[in-house]
Amino acid sequence: MADESVPVREGMKTYSYLLLYIALSSGQIFFNKWVLSSKEINFPYPLGLTLLHMLFSSVLCFVLTKVLKILKVEEGMTLEIYTSSVIPIGAMFAMTLWLGNTAYLYISVAFAQMLKAVMPVAVFILGVAAGLEVMSIRMLLIMSVISFGVLVASYGEININWIGVVYQMGGVVGEALRLIFMEIFVKRKGLKLNPISMMYYVSPCSALCLLIPWIFLEKPKMDAQGTWSFQPLVLILNSLCTFALNLSVFLVIQHTSALTIRVAGVVKDWVVVLLSALLFADTKLTLINIFGYAIAIGGVAAYNNFKLKKEATRATISDGPKSPPMLAASSTKTSTQ
């Protein structure tokens, strides 16, 4: 009986982590929208909010790893790696959060989520340009399906605001660049960091990248309108939820697999779209919206399936029988040409 209960407990733990991730990820999107758009909080400053998140994350990572020593930062970071890899990743992360949060001031949460479905297209195009991806008929078809679905969903949007669309697509490009830089970082630098270590190194860099535009773009507005008297408890709680979300991603990846986190992401997207229609007055879903988004999500599922099969094939090859020295040398030379 004791042996049979172990898999059950492990399964319950896995599902608990998944539900935690979906709840925190969905909740954080709604929380940010409420903080930025509600009259009660009166804090329409996406740069300031994102900067606060990064400062909070930097301090908390330092306390957890260096003061309390609950978590450990992986070693191997050098000045060359930091300047050539971490700074670009931090800059793109800052750009993604800034532009993505700004979009909530102009478009609904549901429509912003629909536009995010085009992410694989941006990642693939930039990956091909960087030499990390290879163009194929199958991938071209998948990218076309996703793009068509997003176009249909956009066509069905009643209150479309092109400023918000530009901000959201800018955030998508920033996230795609961040993922490309991350892949280059892992493949070419050979340094794999867990999410806590990555946040420890990236958060201060992102905060600095956000501080400079905040000083020139939002600080004068905050000074003029006297909105420094914001509600600190709400904003600290918002920052804490952001940090908890990053931790939940760490837990899900640690206890499940890449496929699980991607499937959970698709479920989260639908939860956000449907719940936003109930929670926010500016969200009015149409049948064309839902139809287009369903097409795009189908394309995203096909993309995830293709990528995971590709990764599984690579893993099988790398775990295969060892080649003789001469053959191993020749095969290595062929793969790098």
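Note: Cβ is positioned from N, Cα and C throughout, glycine not excepted.
Lifted from TrEMBL, the feature list:
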- 14-304: domain 'Sugar phosphate transporter' (DOMAIN)
- 317-337: region 'Disordered' (REGION)
- 12-31: transmembrane segment (TRANSMEM)
- 43-67: transmembrane segment (TRANSMEM)
- 79-99: transmembrane segment (TRANSMEM)
- 105-132: transmembrane segment (TRANSMEM)
- 162-186: transmembrane segment (TRANSMEM)
- 198-217: transmembrane segment (TRANSMEM)
- 229-252: transmembrane segment (TRANSMEM)
- 259-281: transmembrane segment (TRANSMEM)
- 287-306: transmembrane segment (TRANSMEM)
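Looking at 43-67, 105-132, 162-186, 198-217, 259-281, the range that has the most CB pairs within less than 8 A of the transmembrane segment (287-306) turns out to be 105-132. Counted over residue pairs 6 or more apart, the CB atoms of the transmembrane segment (229-252) and the transmembrane segment (43-67) come under 8 Å in at least three pairs, which marks the two as touching. Sequence-distant contacts of the transmembrane segment (79-99) (same chain, six or more residues past either end, CB-CB distance under 8 Å): 46-47, 50, 53-54, 167-168, 170-171, 174-175, 177-178, 181-182, 184-185, 189, 191, 201-210, 213.
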